[in-house]
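The structure under discussion appears below in the form of structure tokens.
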Amino acid sequence: MTINDVKHVKLVQWVNEIAALTTPDAIVLADGSAAQYDELVNECVEKGLCVRLNEEKKPHSVLFNSDPSDVARVEKRTFIAAKTKDEAGPTNNWIDPVELKKTLTGLYSGCMKGRTMYVIPFSMGPLGSPISKLGVEITDSPYVVINMMIMTRVGVKVLDLLGTDGYFVPCLHSVGKPLAAGETDGGKWPCAPMENKYIAQFPETREIWSFGSGYGGNALLGKKCLALRIASVLARDEGWLAEHMLILKVTNPEGKSRFVTAAFPSACGKTNLAMLIPTIEGWKVETVGDDIAWMKYGADGRLYAINPEAGFFGVAPGTSAKSNKNALIAASKNTIFTNVALTADKDVWWEGIGYDAPGPLTDWHGNEWIQDKSNKEQAPAAHPNSRFTAPANQCPCIAPEWEDPQGVPVSAILFGGRRPSTIPLVHMARNWNHGVFLGSIVGSEVTAATLDVKAGTIRRDPFAMLPFCGYNMGDYFKHWIEVGKAGDADKLPKIFYVNWFRKTAEGKWLWPGYGDNSRVLKWIFECCEGTAKTVDTPIGIMPTVDAIDRPADVSEEDMKELLKVDVDGWLKEVEDIRTNHYPKFGAHLPAELAEMLDTLEANLKAAKN
Ligand SMILES: Nc1nc2c(ncn2[C@@H]2O[C@H](COP(=O)(O)OP(=O)(O)OP(=O)(O)O)[C@@H](O)[C@H]2O)c(=O)[nH]1
Ligand SMILES: O=C([O-])CC(=O)C(=O)O
Ligand SMILES: [Mn+2]
């Protein structure tokens, strides 16, 4: 099937309009076939844009190195172009949509010269699921096409669902680097300079216009742009939730299963928790999704979640046989690597892969790199935000329900982030609104997953949605409260706040994390069953010190520290929320949350006296 066979009137019109604006040399339909995937990969290999990996070690896999300026999402260049600044809210960058469209139309003009324009029909969610949404991405990047083929369901089947007039979200993308006659990329990753990069969402018209970046969430428009920024607006209007959450299935030794979702900011452990191998006897964890969850009420009044994606775009560094064996197996074939290091025999390597570099490497810049363990300052061989794009069905612990069009019923929702102090290992909200309060105050150390905020500093990242909420975050809090009201209190998921990232005064991890997080999942499971050992505290409901099975390498004293209510630390937290965080939302802040903050402060003060 070619672009000329497309029967959808509006799609054909839109493709023609964009082609007239961007003037590509050719237009190709992404039909979703394995043959087309291979053809595109071959082209990229021939043009020197990627390296084919060792067929025995990493079958059917390639490695791309991006431009050093184009290695992560760029939040300063990400815009919510709502009609008014107030609708975009205090946490989003805003430009008037009319003005932004004018600027971008100028940039798009002739921007695909010398390139092929690809038209990618895709489905976020299982094909035909009542929760799924269809989109079409136009892009001039073959890298985007092959990544979208792994991350979403692409091609002719989507066109069949669209028919002649079905609804799709139009997603326009260009790397923003037209080629003059005879010019080539010369093996270099094409992108535009920072000041010309725009990741633009138009929430009223549900459109996405992305220009100048080829990387991750900036360019694979089904992911953060559609499945979170645009979907959060749809979810608000239609009464459901579009969230930056993993979905996992946990089964106890008696064979009873429950589903859990968890929102942690970028590079804070979603993929790892979703694929965890429990260190406690008889427990099992399986994966439904590792990054995004869409949740809607089912006919039985429970919240059901689907994973709108079909692959994993996972952080490579730190992924080892010890920390996340399942991710390594998922990415052992048919995988696209970006910005990791290359070994002499064309395998991949990264910091924290679990073994030393096997001889000299080619680092992500394309330079020779020889490991020097005596040099703590040595620049890494793999970029800290280097990633693997791997099909979800290659994950050995993928849950059988992962493509169920109805989704899976959610028992527990977790919030968390990187907090070296104050926040205990786990606590449970007293009720839904208290859980919304906990989501609204999440803070985390910034990671390498975003380019323009200094890594390591703590910032508030409500619901791990700070870079992904498509409208006013204060209204988003309100929406969460409304969703709770629409449900039946005893059918709603219980809400928890977890923190795997507590450190000692010497900067060592207080909690081993990874597989040992199953011990916390067990307590959460027991809370859902009503059998957990709990204690009421000023901040919420917590495990008694003996309620959580203690790992061998955690002392009783450390456990007490992990489960302590740090009254003074929390009072500082309250102060920061009261003076720096909540005032940003002005009249958009729900009264329920302001009350929760007062109650928390009163509880803490009472505990102090
Ligand atoms: N100390 C500690 N580190 C962890 C834990 N879980 C994950 N990490 C590290 O955190 C980093 C990011 O983990 P991921 O699971 O890829 O994070 P993510 O939330 O899926 O990230 P995005 O894909 O950016 O949304 C990796 O370097 C992990 O090794 C944990 O329980 N403890
Ligand atoms: O969107 C991306 O580039 C990667 C990702 O999952 C995140 O940053 O949360
Ligand atoms: Mn993510």
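Yeah, the Cβs are placed from backbone N, Cα and C, and that goes for glycine too.
TrEMBL names Arg73, Tyr215, Gly216, Gly217, Asn385, Ser386, Arg387 as substrate ligands; from the candidate set Ser123, Ser266, Ser332, Ser440, the record adds Ser266 to that same site.
With His244, Asp291 listed by TrEMBL as binding Mn(2+), the candidate from Lys224, Lys256, Lys322 annotated for that site turns out to be Lys224. Annotated GTP binding in TrEMBL involves Ala267, Cys268, Gly269, Lys270, Thr271, Asn272, Arg387, Tyr514, Gly515, Asp516, Asn517 plus, out of the candidates Arg229, Arg418, Arg419, Arg550, the residue Arg418. Cβ neighbour count for Arg73 (substrate binding site): 23 (other Cβ atoms within 10 Å of its Cβ, all protein chains included).
The two recorded residues, His244 (Mn(2+) binding site) and Ala267 (GTP binding site), have Cα atoms 12 Å apart. Sitting within 8 Å of the Cβ centre of Lys224, His244, Asp291, and not among those site residues for Mn(2+), are the Cβ atoms of Gly217, Lys223, Ala227, Leu228, Ser266, Ile292, Phe468. The average pLDDT computed for the domain 'Phosphoenolpyruvate carboxykinase GTP-utilising N-terminal' (13-236) is 98. The Cβ of Gly216 (substrate binding site) has 22 other Cβ atoms within 10 Å, all protein chains considered. Here the binding-site residues are Asp291, Asp516, and the one with the most other Cβ atoms within 10 Å of its Cβ is Asp291. Arg387 (substrate binding site) carries a strand DSSP state (E or B).
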